[in-house]
Amino acid sequence: MARMAVSVLAILLASCALAAASFDQEFDVTWGDGRGKILNNGQLLTLGLDKVSGSGFQSKHEYLYGKIDMQLKLVPGNSAGTVTAYYLSSQGPTHDEIDFEFLGNVTGEPYTLHTNVFTQGQGQREQQFRLWFDPTNDFHTYSILWNPKHIIFMVDDMPIRDFRNLEGKGIAFPKNQPMRLYSSLWNADDWATQGGRVKTDWSHAPFSASYRGFKADACVVTAGGKPRCGASVGTEVAPGTGAAGEWYNQELDLTRQQRMRWVQSNYMIYNYCTDPKRFAQGVPAECSM
């Protein structure tokens, strides 16, 4: 009987570790003068945009590797000119950054999902996708898996992009700079929709994007500057259990590689590796590896 009770307790503890964290505990709304709101006892966050200002938030924690999940429901209707950004970033001129950006469109036209990776301040690694669903009808999960070998972008657990660690071939990879999670809703009608040709229609304001279901199974940087691995954000690590989870060594198996190639074949609309006109010295080296 005691053994059964211990097993049940272990299952409950595991379930708690996987539960969505509270936005009150994990994030600060950092700008927007009240346009960013935490609701439903910390289980929902909304960002607003009007002609005066957008809004944004950032994580209280910094991470050095992890698997980050967030459920988003994007601005519905005529979202042309708006950008909902969701990304990991460090600070400074040689910062690292891992980007999801959702570029709005006119009613009835699809969003563009824009991804990018910055290493030591250098970006220009854009890949863009259409989505195979309407991201404004319901919440969908957008994930970043960042470990020492890979940065994998996922949508509803479907891999869409894998930026590999090719340091051995002279290509920088984010590995030393802790990053916070940021998100913002802002006006970018000078470039966001059809190259800036379609402007934001403020008669549809205020615009709103919603967030829920945040999970971070990650190495969290402590006050002393050392990463602490082994538990989902919002939980405490029990003594002797401070090891990173399976994500730390995770790679795409053959099945998931095939799924990623399917997405890229059917839904990718831009790839920096196939745009040599942008690069006077030729496309970046990772494109040929």
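A Cβ is built for glycine as well, from the same backbone N, Cα and C atoms used for every other residue.
TrEMBL does not curate its annotations; it predicts them automatically.
The shown structure was predicted, so the numbers you read here are calculated from the model rather than taken from an experiment.
Copied over from TrEMBL:
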type	residues	note
SIGNAL	1-21	signal peptide
DOMAIN	17-211	domain 'GH16'
ACT_SITE	Glu97	active site, nucleophile
ACT_SITE	Glu101	active site, proton donor
CARBOHYD	Asn105	N-linked glycosylation site
Nonlocal neighbours by CB distance (under 8 Å) for the residue listed as 'active site, proton donor', same chain, sequence gap 6 or more:
Val83, Thr84, Ala85, Tyr86, Tyr87, Leu113, His114, Thr115, Asn116
If you average pLDDT over the domain 'GH16' (17-211), what do you get?
96
Between Asn105 (N-linked glycosylation site) and Glu97 (active site, nucleophile), the C-alpha gap once rounded to whole angstrom:
25
Can you name the residues of this chain that are 6 or more positions from the residue listed as 'active site, nucleophile' yet have a C-beta less than 8 Å from its C-beta?
Tyr87, Leu88, Ser89, Ser90, Asn116, Val117, Phe118, Gly123, Met179
